[in-house]
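Colleague: The following feature annotations were taken from TrEMBL:
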TRANSMEM  A:5-26  transmembrane segment
TRANSMEM  A:46-66  transmembrane segment
TRANSMEM  A:103-121  transmembrane segment
TRANSMEM  A:133-155  transmembrane segment
TRANSMEM  A:176-196  transmembrane segment
TRANSMEM  A:219-252  transmembrane segment
TRANSMEM  A:264-285  transmembrane segment
TRANSMEM  A:291-310  transmembrane segment
Amino acid sequence: MKIRYLTIILIILSFASIFVGVSNVSPLDIFQLTEEQAKVLMVSRVPRLLSILIAGMSMSICGLIMQQLSRNKFVSPTTAGTLDSARLGILVSMVLFTSANPFEKMLVSFAFALLGTFAFMKILEKVKFKDAIFIPLIGLMFGNIVSSMSTFIAYRYDLIQNISSWMQGDFSMIMTGNYELMFVSIPILIIAFFYANKFTIAGMGEDFSKNLGLNYRQVVNLGLIIVALVTASVVLAVGMIPFLGLIIPNIVTIYQGDHLKKSLLHTALLGAIFVLICDIIGRIIIYPYEIPISLTVGVIGSGLFIYLLFRRKKYGI
Amino acid sequence: MVDIKNVFKSFNQKKVIEDVSLTIEKGKITSFIGPNGAGKSTLISMVSRLIAKDNGDISIDGKDIMQTKSNELAKKISILKQSNSINLKLTVRELVSFGRFPYSQGKLNDYDWEKVDEAIDYMELRDMQDKFLDQLSGGQRQRAHIAMVIAQDTEYILLDEPLNNLDMRHSVQIMKTLRNLVDELGKTVLIVIHDINFASCYSDNIVALKDGKVVKQGRACDVIDKCVLKDIYDMDIDIKDIDNKRICVYF
(Lines of atoms letter the chains of each structure in order from A and count residues from 1; the text may use other names and numbers.)
(Lines give C-alpha, C1' and ligand atoms only; values in the text may rest on other atoms or scores of the structure.)
Protein backbone atom coordinates (compact mmCIF):
# COMPACT_ATOMS: atom_id res chain seq x y z
CA MET A 1 0.00 0.00 0.00
CA LYS A 2 1.39 3.33 -0.97
CA ILE A 3 1.14 6.53 1.00
CA ARG A 4 -0.82 7.99 -1.90
CA TYR A 5 -3.59 5.38 -1.72
CA LEU A 6 -3.79 5.63 2.03
CA THR A 7 -4.14 9.40 1.76
CA ILE A 8 -6.89 9.14 -0.85
CA ILE A 9 -8.82 6.61 1.26
CA LEU A 10 -8.43 8.84 4.28
CA ILE A 11 -9.77 11.89 2.44
CA ILE A 12 -12.78 9.99 1.07
CA LEU A 13 -13.61 8.59 4.50
CA SER A 14 -13.19 11.99 6.09
CA PHE A 15 -15.81 13.42 3.74
CA ALA A 16 -18.10 10.50 4.43
CA SER A 17 -17.66 11.03 8.16
CA ILE A 18 -18.68 14.67 7.91
CA PHE A 19 -21.93 13.82 6.15
CA VAL A 20 -23.00 10.88 8.30
CA GLY A 21 -25.29 11.74 11.18
CA VAL A 22 -28.76 12.40 12.45
CA SER A 23 -29.05 16.00 11.27
CA ASN A 24 -29.30 15.90 7.56
CA VAL A 25 -26.36 17.56 5.85
CA SER A 26 -25.75 16.31 2.35
CA PRO A 27 -22.60 16.95 0.36
CA LEU A 28 -24.74 18.78 -2.21
CA ASP A 29 -25.62 21.41 0.35
CA ILE A 30 -22.03 22.31 0.98
CA PHE A 31 -22.21 25.61 -0.92
CA GLN A 32 -25.62 26.64 0.38
CA LEU A 33 -25.68 25.58 3.99
CA THR A 34 -28.53 26.70 6.17
CA GLU A 35 -27.49 28.33 9.39
CA GLU A 36 -28.34 25.19 11.30
CA GLN A 37 -26.44 22.93 8.99
CA ALA A 38 -23.37 25.17 9.21
CA LYS A 39 -23.62 25.02 12.94
CA VAL A 40 -23.88 21.22 12.96
CA LEU A 41 -20.80 21.05 10.80
CA MET A 42 -18.70 23.50 12.78
CA VAL A 43 -19.74 22.53 16.29
CA SER A 44 -20.06 18.78 15.96
CA ARG A 45 -19.04 17.11 12.72
CA VAL A 46 -15.71 18.79 12.03
CA PRO A 47 -14.50 18.58 15.64
CA ARG A 48 -15.51 14.95 15.64
CA LEU A 49 -13.57 14.28 12.46
CA LEU A 50 -10.50 16.10 13.76
CA SER A 51 -10.57 14.27 17.05
CA ILE A 52 -10.91 10.92 15.26
CA LEU A 53 -7.97 11.73 13.02
CA ILE A 54 -5.77 12.85 15.91
CA ALA A 55 -6.75 9.96 18.16
CA GLY A 56 -6.27 7.39 15.42
CA MET A 57 -2.91 8.71 14.35
CA SER A 58 -1.48 9.43 17.76
CA MET A 59 -2.52 6.23 19.53
CA SER A 60 -1.14 4.13 16.67
CA ILE A 61 2.15 6.00 16.72
CA CYS A 62 2.34 5.63 20.50
CA GLY A 63 1.98 1.89 20.06
CA LEU A 64 4.69 1.85 17.43
CA ILE A 65 7.12 3.79 19.60
CA MET A 66 6.41 1.59 22.60
CA GLN A 67 6.91 -1.59 20.60
CA GLN A 68 10.18 -0.28 19.29
CA LEU A 69 11.54 0.83 22.66
CA SER A 70 10.44 -2.27 24.55
CA ARG A 71 11.52 -4.52 21.65
CA ASN A 72 8.27 -6.39 21.95
CA LYS A 73 5.53 -6.46 19.32
CA PHE A 74 2.76 -6.85 21.87
CA VAL A 75 3.46 -3.82 24.01
CA SER A 76 1.15 -0.84 23.53
CA PRO A 77 -0.59 1.75 25.71
CA THR A 78 -3.31 -0.87 26.29
CA THR A 79 -0.95 -3.65 27.31
CA ALA A 80 1.55 -1.65 29.37
CA GLY A 81 -0.72 0.06 31.85
CA THR A 82 -0.35 3.47 30.19
CA LEU A 83 -4.05 3.91 29.53
CA ASP A 84 -5.03 2.75 33.01
CA SER A 85 -2.47 5.03 34.62
CA ALA A 86 -3.69 8.00 32.58
CA ARG A 87 -7.21 7.28 33.77
CA LEU A 88 -6.11 7.03 37.38
CA GLY A 89 -4.42 10.40 36.90
CA ILE A 90 -7.61 12.03 35.69
CA LEU A 91 -9.48 10.60 38.65
CA VAL A 92 -6.90 11.80 41.16
CA SER A 93 -6.97 15.27 39.65
CA MET A 94 -10.77 15.30 40.01
CA VAL A 95 -10.62 14.25 43.63
CA LEU A 96 -7.74 16.45 44.72
CA PHE A 97 -8.44 19.55 42.66
CA THR A 98 -12.17 19.59 42.24
CA SER A 99 -12.12 22.64 40.02
CA ALA A 100 -9.31 21.46 37.78
CA ASN A 101 -9.59 22.69 34.23
CA PRO A 102 -8.96 20.26 31.37
CA PHE A 103 -5.36 21.39 30.98
CA GLU A 104 -4.56 20.76 34.65
CA LYS A 105 -6.30 17.41 34.45
CA MET A 106 -4.18 16.54 31.48
CA LEU A 107 -0.97 17.41 33.30
CA VAL A 108 -1.83 15.22 36.27
CA SER A 109 -2.95 12.45 33.96
CA PHE A 110 0.29 12.83 31.98
CA ALA A 111 2.35 12.52 35.15
CA PHE A 112 0.53 9.33 36.10
CA ALA A 113 0.74 7.86 32.61
CA LEU A 114 4.47 8.59 32.55
CA LEU A 115 5.00 7.09 35.96
CA GLY A 116 2.97 4.01 35.07
CA THR A 117 4.75 3.40 31.79
CA PHE A 118 8.09 3.98 33.43
CA ALA A 119 7.26 1.48 36.15
CA PHE A 120 6.29 -1.03 33.49
CA MET A 121 9.58 -0.53 31.64
CA LYS A 122 11.46 -1.03 34.91
CA ILE A 123 9.55 -4.25 35.51
CA LEU A 124 10.51 -5.32 31.98
CA GLU A 125 14.19 -4.86 32.80
CA LYS A 126 13.86 -7.01 35.89
CA VAL A 127 11.86 -9.80 34.28
CA LYS A 128 14.12 -12.65 33.25
CA PHE A 129 11.56 -14.54 31.22
CA LYS A 130 11.43 -12.53 28.01
CA ASP A 131 8.77 -14.45 26.17
CA ALA A 132 6.96 -12.29 23.62
CA ILE A 133 3.51 -13.10 24.99
CA PHE A 134 4.50 -13.10 28.64
CA ILE A 135 5.48 -9.43 28.73
CA PRO A 136 2.15 -7.97 27.56
CA LEU A 137 0.44 -10.28 30.04
CA ILE A 138 2.46 -8.67 32.80
CA GLY A 139 1.46 -5.32 31.34
CA LEU A 140 -2.21 -6.24 31.39
CA MET A 141 -1.98 -7.40 35.00
CA PHE A 142 -0.15 -4.24 35.93
CA GLY A 143 -2.83 -2.22 34.14
CA ASN A 144 -5.54 -4.05 36.02
CA ILE A 145 -3.89 -3.33 39.35
CA VAL A 146 -3.74 0.37 38.49
CA SER A 147 -7.31 0.16 37.27
CA SER A 148 -8.49 -1.43 40.53
CA MET A 149 -6.99 1.54 42.37
CA SER A 150 -9.06 3.82 40.15
CA THR A 151 -12.21 1.85 40.91
CA PHE A 152 -11.48 1.93 44.62
CA ILE A 153 -11.00 5.68 44.67
CA ALA A 154 -14.03 6.14 42.47
CA TYR A 155 -16.21 4.15 44.88
CA ARG A 156 -15.01 6.18 47.82
CA TYR A 157 -15.78 9.45 46.10
CA ASP A 158 -18.87 8.40 44.19
CA LEU A 159 -17.29 8.84 40.79
CA ILE A 160 -17.97 5.42 39.30
CA GLN A 161 -20.25 6.77 36.61
CA ASN A 162 -17.71 9.36 35.79
CA ILE A 163 -14.80 7.00 35.25
CA SER A 164 -16.81 4.57 33.20
CA SER A 165 -17.22 7.36 30.70
CA TRP A 166 -13.47 7.30 30.03
CA MET A 167 -13.40 3.58 30.12
CA GLN A 168 -15.32 3.61 26.90
CA GLY A 169 -13.89 5.65 24.13
CA ASP A 170 -16.65 7.67 22.54
CA PHE A 171 -16.61 10.37 19.91
CA SER A 172 -20.27 11.28 20.16
CA MET A 173 -19.68 13.83 22.93
CA ILE A 174 -16.96 15.65 21.03
CA MET A 175 -17.92 19.23 20.38
CA THR A 176 -16.19 22.53 19.93
CA GLY A 177 -14.87 23.50 23.32
CA ASN A 178 -14.16 20.09 24.79
CA TYR A 179 -11.61 18.44 22.53
CA GLU A 180 -9.10 21.19 21.69
CA LEU A 181 -6.64 19.76 24.17
CA MET A 182 -6.01 16.97 21.70
CA PHE A 183 -4.12 19.40 19.51
CA VAL A 184 -1.30 19.05 22.02
CA SER A 185 -0.61 15.76 20.26
CA ILE A 186 0.23 17.34 16.93
CA PRO A 187 3.54 19.04 17.78
CA ILE A 188 4.50 16.03 19.85
CA LEU A 189 3.93 13.70 16.92
CA ILE A 190 6.05 15.97 14.75
CA ILE A 191 8.88 15.57 17.26
CA ALA A 192 8.36 11.82 16.99
CA PHE A 193 8.95 12.05 13.25
CA PHE A 194 12.24 13.84 13.83
CA TYR A 195 13.32 11.13 16.22
CA ALA A 196 12.32 8.24 13.95
CA ASN A 197 15.93 7.23 13.28
CA LYS A 198 16.88 7.40 16.91
CA PHE A 199 13.90 5.32 18.02
CA THR A 200 14.81 2.69 15.46
CA ILE A 201 18.39 2.51 16.74
CA ALA A 202 17.19 2.40 20.35
CA GLY A 203 15.00 -0.52 19.30
CA MET A 204 18.14 -2.48 18.54
CA GLY A 205 19.23 -2.34 22.13
CA GLU A 206 21.42 -0.40 24.49
CA ASP A 207 24.74 -1.81 23.28
CA PHE A 208 23.88 -1.18 19.67
CA SER A 209 22.88 2.41 20.47
CA LYS A 210 26.01 3.09 22.47
CA ASN A 211 28.16 1.75 19.68
CA LEU A 212 26.65 4.36 17.38
CA GLY A 213 27.10 7.09 19.96
CA LEU A 214 23.39 7.44 20.69
CA ASN A 215 22.31 8.45 24.16
CA TYR A 216 20.05 5.45 24.72
CA ARG A 217 18.48 6.52 28.03
CA GLN A 218 17.65 9.95 26.73
CA VAL A 219 15.93 8.60 23.62
CA VAL A 220 13.95 6.01 25.59
CA ASN A 221 12.85 8.64 28.09
CA LEU A 222 11.78 11.00 25.34
CA GLY A 223 9.79 8.18 23.74
CA LEU A 224 8.01 7.44 26.99
CA ILE A 225 7.23 11.12 27.55
CA ILE A 226 5.72 11.34 24.08
CA VAL A 227 3.62 8.24 24.68
CA ALA A 228 2.41 9.41 28.09
CA LEU A 229 1.54 12.93 26.97
CA VAL A 230 -0.34 11.82 23.89
CA THR A 231 -2.19 9.06 25.75
CA ALA A 232 -3.23 11.44 28.51
CA SER A 233 -4.66 13.97 26.08
CA VAL A 234 -6.55 11.34 24.11
CA VAL A 235 -7.97 9.56 27.16
CA LEU A 236 -9.15 12.85 28.55
CA ALA A 237 -10.95 13.95 25.40
CA VAL A 238 -12.17 10.67 23.91
CA GLY A 239 -11.61 7.86 26.40
CA MET A 240 -9.84 4.58 26.05
CA ILE A 241 -9.60 3.10 22.59
CA PRO A 242 -8.31 -0.43 23.04
CA PHE A 243 -6.11 -2.40 20.63
CA LEU A 244 -5.42 0.56 18.38
CA GLY A 245 -1.77 0.92 19.35
CA LEU A 246 -1.37 -2.81 19.12
CA ILE A 247 -2.79 -3.84 15.78
CA ILE A 248 -2.07 -0.88 13.51
CA PRO A 249 1.73 -0.85 14.02
CA ASN A 250 1.82 -4.63 13.69
CA ILE A 251 -0.01 -4.54 10.38
CA VAL A 252 2.25 -1.81 9.04
CA THR A 253 5.38 -3.66 10.17
CA ILE A 254 4.39 -6.71 8.17
CA TYR A 255 4.67 -4.90 4.85
CA GLN A 256 6.84 -1.93 5.72
CA GLY A 257 9.45 -3.31 8.14
CA ASP A 258 10.64 -1.84 11.40
CA HIS A 259 12.47 1.23 10.19
CA LEU A 260 10.41 3.98 11.81
CA LYS A 261 11.34 6.42 9.11
CA LYS A 262 9.44 4.24 6.66
CA SER A 263 6.64 3.04 8.91
CA LEU A 264 5.66 6.13 10.93
CA LEU A 265 3.61 7.86 8.23
CA HIS A 266 1.93 4.61 7.21
CA THR A 267 1.08 3.90 10.82
CA ALA A 268 -0.41 7.35 11.29
CA LEU A 269 -2.53 7.15 8.13
CA LEU A 270 -3.70 3.59 8.67
CA GLY A 271 -4.54 4.36 12.31
CA ALA A 272 -6.70 7.30 11.28
CA ILE A 273 -8.40 5.26 8.55
CA PHE A 274 -9.09 2.41 10.94
CA VAL A 275 -10.70 4.63 13.57
CA LEU A 276 -12.70 6.46 10.91
CA ILE A 277 -14.09 3.21 9.53
CA CYS A 278 -14.94 1.96 13.02
CA ASP A 279 -16.58 5.26 13.87
CA ILE A 280 -18.69 5.32 10.69
CA ILE A 281 -19.78 1.72 11.28
CA GLY A 282 -20.68 2.58 14.87
CA ARG A 283 -22.78 5.48 13.65
CA ILE A 284 -24.80 3.66 10.99
CA ILE A 285 -25.24 0.19 12.44
CA ILE A 286 -28.10 1.14 14.80
CA TYR A 287 -28.89 4.48 13.16
CA PRO A 288 -30.08 6.94 14.48
CA TYR A 289 -28.35 5.73 17.65
CA GLU A 290 -24.65 5.12 18.11
CA ILE A 291 -22.34 2.41 19.33
CA PRO A 292 -19.30 3.77 21.21
CA ILE A 293 -16.02 3.59 19.35
CA SER A 294 -14.34 1.41 21.95
CA LEU A 295 -16.87 -1.30 21.17
CA THR A 296 -16.44 -1.26 17.39
CA VAL A 297 -12.66 -0.96 17.66
CA GLY A 298 -12.67 -3.69 20.30
CA VAL A 299 -14.65 -6.13 18.16
CA ILE A 300 -12.86 -5.50 14.87
CA GLY A 301 -9.52 -5.04 16.61
CA SER A 302 -9.60 -8.23 18.61
CA GLY A 303 -10.52 -10.15 15.47
CA LEU A 304 -7.52 -8.66 13.67
CA PHE A 305 -5.35 -9.29 16.68
CA ILE A 306 -6.19 -12.99 16.70
CA TYR A 307 -5.42 -13.10 13.00
CA LEU A 308 -2.03 -11.47 13.64
CA LEU A 309 -1.25 -13.97 16.40
CA PHE A 310 -1.97 -16.91 14.13
CA ARG A 311 -0.03 -15.37 11.31
CA ARG A 312 2.89 -14.91 13.65
CA LYS A 313 2.78 -18.54 14.62
CA LYS A 314 2.68 -19.58 11.01
CA TYR A 315 5.74 -17.57 10.03
CA GLY A 316 7.51 -18.12 13.30
CA ILE A 317 8.33 -14.47 13.91
CA MET B 1 46.95 2.15 19.89
CA VAL B 2 44.71 1.02 22.71
CA ASP B 3 46.23 1.35 26.16
CA ILE B 4 44.67 -0.59 28.99
CA LYS B 5 46.18 0.12 32.39
CA ASN B 6 45.42 -1.70 35.64
CA VAL B 7 41.78 -2.25 34.81
CA PHE B 8 39.46 -3.94 37.30
CA LYS B 9 35.84 -4.97 36.99
CA SER B 10 33.56 -6.99 39.18
CA PHE B 11 29.92 -7.97 38.93
CA ASN B 12 28.16 -8.58 42.25
CA GLN B 13 31.44 -8.80 44.16
CA LYS B 14 32.74 -11.40 41.74
CA LYS B 15 35.96 -10.22 40.11
CA VAL B 16 35.69 -10.60 36.37
CA ILE B 17 38.71 -8.57 35.34
CA GLU B 18 41.61 -8.20 37.69
CA ASP B 19 44.46 -5.79 37.14
CA VAL B 20 44.68 -6.14 33.37
CA SER B 21 47.26 -4.04 31.54
CA LEU B 22 47.66 -4.33 27.81
CA THR B 23 48.80 -2.42 24.79
CA ILE B 24 47.08 -3.21 21.54
CA GLU B 25 49.02 -2.45 18.40
CA LYS B 26 47.54 -0.39 15.63
CA GLY B 27 47.00 -1.92 12.20
CA LYS B 28 46.95 -5.49 13.46
CA ILE B 29 44.46 -8.22 14.30
CA THR B 30 44.54 -8.99 17.99
CA SER B 31 42.61 -12.05 19.16
CA PHE B 32 41.44 -12.60 22.71
CA ILE B 33 41.33 -16.27 23.65
CA GLY B 34 40.59 -18.10 26.85
CA PRO B 35 38.05 -20.40 28.45
CA ASN B 36 34.44 -19.40 29.14
CA GLY B 37 34.21 -16.82 31.87
CA ALA B 38 37.77 -15.59 31.41
CA GLY B 39 36.55 -12.01 30.96
CA LYS B 40 37.25 -11.61 27.24
CA SER B 41 33.90 -10.11 26.32
CA THR B 42 33.87 -7.95 29.42
CA LEU B 43 37.27 -6.56 28.51
CA ILE B 44 36.37 -5.55 24.97
CA SER B 45 33.04 -4.21 26.15
CA MET B 46 34.96 -1.92 28.48
CA VAL B 47 37.31 -0.82 25.72
CA SER B 48 34.27 0.15 23.66
CA ARG B 49 32.62 1.87 26.69
CA LEU B 50 29.59 -0.44 26.58
CA ILE B 51 30.20 -1.23 30.23
CA ALA B 52 31.99 0.98 32.70
CA LYS B 53 35.18 -0.17 34.36
CA ASP B 54 35.56 -0.06 38.14
CA ASN B 55 39.15 1.06 38.16
CA GLY B 56 42.07 1.79 35.88
CA ASP B 57 42.53 3.66 32.63
CA ILE B 58 41.66 2.86 29.06
CA SER B 59 42.79 5.20 26.34
CA ILE B 60 42.62 5.09 22.58
CA ASP B 61 45.34 6.96 20.69
CA GLY B 62 46.22 8.71 23.91
CA LYS B 63 42.69 9.88 24.68
CA ASP B 64 40.91 8.55 27.75
CA ILE B 65 37.65 6.94 26.61
CA MET B 66 35.76 8.30 29.59
CA GLN B 67 36.78 11.86 28.70
CA THR B 68 35.74 11.48 25.08
CA LYS B 69 32.22 12.18 23.91
CA SER B 70 30.24 9.06 23.03
CA ASN B 71 29.49 10.38 19.58
CA GLU B 72 33.17 11.13 18.91
CA LEU B 73 34.13 7.65 20.06
CA ALA B 74 31.55 6.20 17.68
CA LYS B 75 33.65 7.55 14.81
CA LYS B 76 36.81 6.03 16.24
CA ILE B 77 35.78 2.64 17.53
CA SER B 78 32.96 0.27 16.72
CA ILE B 79 31.87 -2.93 18.37
CA LEU B 80 29.80 -5.78 17.09
CA LYS B 81 28.32 -8.00 19.75
CA GLN B 82 26.73 -11.31 18.94
CA SER B 83 24.41 -10.17 16.23
CA ASN B 84 21.56 -12.65 16.38
CA SER B 85 19.97 -10.62 19.14
CA ILE B 86 18.50 -8.03 16.78
CA ASN B 87 15.06 -9.09 15.71
CA LEU B 88 13.92 -5.94 13.99
CA LYS B 89 12.62 -6.24 10.51
CA LEU B 90 15.14 -4.10 8.67
CA THR B 91 16.58 -4.45 5.20
CA VAL B 92 20.30 -5.02 4.80
CA ARG B 93 20.71 -1.59 3.30
CA GLU B 94 18.86 0.08 6.18
CA LEU B 95 21.04 -1.71 8.71
CA VAL B 96 24.22 -0.72 6.93
CA SER B 97 23.04 2.89 6.65
CA PHE B 98 22.79 3.05 10.46
CA GLY B 99 26.57 2.72 10.45
CA ARG B 100 26.62 6.32 9.25
CA PHE B 101 24.62 7.56 12.21
CA PRO B 102 27.62 8.98 14.14
CA TYR B 103 28.38 11.23 11.16
CA SER B 104 24.92 12.08 9.92
CA GLN B 105 22.61 11.73 12.94
CA GLY B 106 20.22 10.03 10.56
CA LYS B 107 20.29 12.55 7.72
CA LEU B 108 22.61 10.83 5.28
CA ASN B 109 24.25 12.94 2.59
CA ASP B 110 25.74 11.75 -0.70
CA TYR B 111 29.08 10.95 0.88
CA ASP B 112 27.37 8.83 3.55
CA TRP B 113 25.46 6.86 0.92
CA GLU B 114 28.69 6.37 -0.99
CA LYS B 115 30.19 4.81 2.13
CA VAL B 116 27.11 2.63 2.55
CA ASP B 117 27.43 1.42 -1.05
CA GLU B 118 31.12 0.74 -0.58
CA ALA B 119 30.46 -1.31 2.53
CA ILE B 120 27.72 -3.30 0.82
CA ASP B 121 29.98 -4.05 -2.12
CA TYR B 122 32.90 -4.89 0.15
CA MET B 123 30.83 -7.58 1.86
CA GLU B 124 29.29 -8.65 -1.48
CA LEU B 125 25.75 -7.98 -0.32
CA ARG B 126 24.62 -6.00 -3.36
CA ASP B 127 22.06 -8.51 -4.64
CA MET B 128 20.45 -8.98 -1.24
CA GLN B 129 20.56 -5.39 -0.02
CA ASP B 130 16.78 -4.94 -0.07
CA LYS B 131 16.02 -8.19 1.69
CA PHE B 132 14.91 -8.15 5.30
CA LEU B 133 17.44 -9.46 7.80
CA ASP B 134 15.07 -12.20 8.96
CA GLN B 135 15.08 -13.64 5.45
CA LEU B 136 18.83 -14.19 5.52
CA SER B 137 20.94 -17.08 6.74
CA GLY B 138 23.17 -16.70 9.79
CA GLY B 139 26.27 -16.13 7.69
CA GLN B 140 24.61 -13.51 5.52
CA ARG B 141 23.26 -11.72 8.57
CA GLN B 142 26.71 -11.66 10.11
CA ARG B 143 28.10 -10.21 6.89
CA ALA B 144 25.40 -7.54 6.94
CA HIS B 145 26.42 -6.55 10.45
CA ILE B 146 30.06 -6.39 9.50
CA ALA B 147 29.07 -4.24 6.53
CA MET B 148 27.44 -1.85 8.98
CA VAL B 149 30.63 -1.68 10.99
CA ILE B 150 32.59 -1.02 7.79
CA ALA B 151 30.20 1.80 6.92
CA GLN B 152 30.79 3.20 10.39
CA ASP B 153 34.35 3.59 9.12
CA THR B 154 36.17 3.51 12.43
CA GLU B 155 39.88 2.90 12.88
CA TYR B 156 39.21 0.31 15.54
CA ILE B 157 36.80 -2.56 15.02
CA LEU B 158 35.90 -4.84 17.91
CA LEU B 159 34.03 -8.08 17.36
CA ASP B 160 32.66 -10.36 20.05
CA GLU B 161 32.71 -13.93 18.76
CA PRO B 162 32.09 -13.11 15.12
CA LEU B 163 32.21 -16.79 14.14
CA ASN B 164 29.51 -17.87 16.53
CA ASN B 165 27.04 -20.22 14.81
CA LEU B 166 28.80 -20.03 11.47
CA ASP B 167 29.89 -23.01 9.41
CA MET B 168 33.51 -23.39 8.28
CA ARG B 169 33.04 -21.77 4.91
CA HIS B 170 31.43 -18.67 6.38
CA SER B 171 33.93 -18.55 9.23
CA VAL B 172 36.83 -18.54 6.78
CA GLN B 173 35.06 -15.91 4.70
CA ILE B 174 34.61 -13.63 7.73
CA MET B 175 38.20 -14.07 8.90
CA LYS B 176 39.53 -13.33 5.42
CA THR B 177 37.43 -10.19 5.33
CA LEU B 178 38.84 -9.10 8.68
CA ARG B 179 42.37 -9.79 7.42
CA ASN B 180 41.63 -7.64 4.37
CA LEU B 181 40.24 -4.85 6.52
CA VAL B 182 43.59 -4.73 8.27
CA ASP B 183 45.83 -5.27 5.25
CA GLU B 184 43.95 -3.17 2.70
CA LEU B 185 42.15 -0.52 4.72
CA GLY B 186 44.60 -0.25 7.61
CA LYS B 187 42.04 -0.94 10.32
CA THR B 188 42.82 -2.29 13.75
CA VAL B 189 40.74 -5.33 14.60
CA LEU B 190 40.14 -6.87 18.01
CA ILE B 191 38.24 -10.14 18.22
CA VAL B 192 37.05 -12.44 20.93
CA ILE B 193 37.30 -15.92 19.50
CA HIS B 194 36.97 -19.47 20.78
CA ASP B 195 38.51 -21.42 17.93
CA ILE B 196 42.23 -21.20 18.67
CA ASN B 197 43.14 -22.41 15.19
CA PHE B 198 41.34 -19.47 13.61
CA ALA B 199 43.14 -17.24 16.08
CA SER B 200 46.44 -18.85 15.22
CA CYS B 201 46.02 -18.62 11.46
CA TYR B 202 44.56 -15.16 11.06
CA SER B 203 45.74 -12.94 13.86
CA ASP B 204 48.95 -11.02 14.36
CA ASN B 205 48.79 -10.88 18.12
CA ILE B 206 46.99 -12.97 20.69
CA VAL B 207 46.03 -12.13 24.24
CA ALA B 208 45.31 -15.15 26.40
CA LEU B 209 43.06 -14.55 29.41
CA LYS B 210 42.10 -16.76 32.28
CA ASP B 211 40.08 -15.90 35.39
CA GLY B 212 40.18 -12.22 34.56
CA LYS B 213 43.95 -12.04 34.24
CA VAL B 214 46.27 -11.91 31.28
CA VAL B 215 48.17 -15.20 31.09
CA LYS B 216 50.18 -14.38 28.02
CA GLN B 217 50.25 -11.81 25.28
CA GLY B 218 52.35 -11.52 22.23
CA ARG B 219 52.71 -12.55 18.63
CA ALA B 220 50.37 -15.33 17.56
CA CYS B 221 53.20 -17.85 17.18
CA ASP B 222 54.43 -17.20 20.71
CA VAL B 223 51.08 -17.64 22.39
CA ILE B 224 50.12 -20.77 20.46
CA ASP B 225 52.49 -22.85 22.50
CA LYS B 226 52.02 -26.13 24.29
CA CYS B 227 52.88 -24.78 27.73
CA VAL B 228 50.85 -21.60 27.40
CA LEU B 229 47.77 -23.43 26.16
CA LYS B 230 48.08 -26.00 28.92
CA ASP B 231 48.09 -23.13 31.33
CA ILE B 232 44.94 -21.58 29.89
CA TYR B 233 42.76 -24.55 29.05
CA ASP B 234 44.08 -27.18 31.47
CA MET B 235 44.46 -29.73 28.73
CA ASP B 236 47.26 -31.09 26.64
CA ILE B 237 47.19 -29.62 23.21
CA ASP B 238 49.52 -30.83 20.47
CA ILE B 239 50.79 -28.23 18.10
CA LYS B 240 51.72 -29.13 14.54
CA ASP B 241 53.33 -26.96 11.94
CA ILE B 242 51.37 -27.25 8.72
CA ASP B 243 52.28 -24.95 5.82
CA ASN B 244 53.92 -22.52 8.22
CA LYS B 245 50.79 -22.32 10.32
CA ARG B 246 50.60 -23.53 13.85
CA ILE B 247 47.64 -25.85 14.17
CA CYS B 248 46.41 -27.09 17.52
CA VAL B 249 45.26 -30.66 17.79
CA TYR B 250 43.07 -31.02 20.83
CA PHE B 251 40.57 -33.70 20.00
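Here the Cβ of each residue, glycine as well, is placed from N, Cα and C on the backbone.
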Colleague: Take the transmembrane segment (A:5-26) and find every residue of the same chain, 6 or more past its ends, with a Cβ under 8 Å from one of its Cβ atoms.
Modeller: 33, 36-37, 40-41, 44-46, 48-49, 52-53, 266, 269-270, 272-273, 276-277, 279-280, 283-284, 288
Colleague: Would you say the transmembrane segment (A:133-155) and the transmembrane segment (A:219-252) are touching, if the rule is that at least three C-beta pairs must lie under 8 angstroms and be 6 or more residues apart?
Modeller: no
Colleague: Counting only pairs 6 or more apart in sequence, are there at least 3 Cβ pairs under 8 Å between the transmembrane segment (A:46-66) and the transmembrane segment (A:176-196)?
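Modeller: They do touch: at least three Cβ pairs between the two stretches lie under 8 Å.
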Colleague: Against the transmembrane segment (A:264-285), which of these stretches has the most C-beta pairs under 8 Å: A:103-121, A:133-155, A:291-310?
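Modeller: If we count Cβ pairs closer than 8 Å to the transmembrane segment (A:264-285), A:291-310 scores highest.
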Colleague: At a C-beta cut-off of under 8 Å, are there same-chain residues at least 6 beyond the transmembrane segment (A:133-155) that contact it? List them, or none.
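Modeller: For the transmembrane segment (A:133-155), the sequence-distant neighbours (Cβ-Cβ under 8 Å, at least 6 residues beyond its ends) are 70, 72, 74-76, 78-85, 87-88, 91-92, 95, 116, 119-120, 123-124, 127, 162-163.
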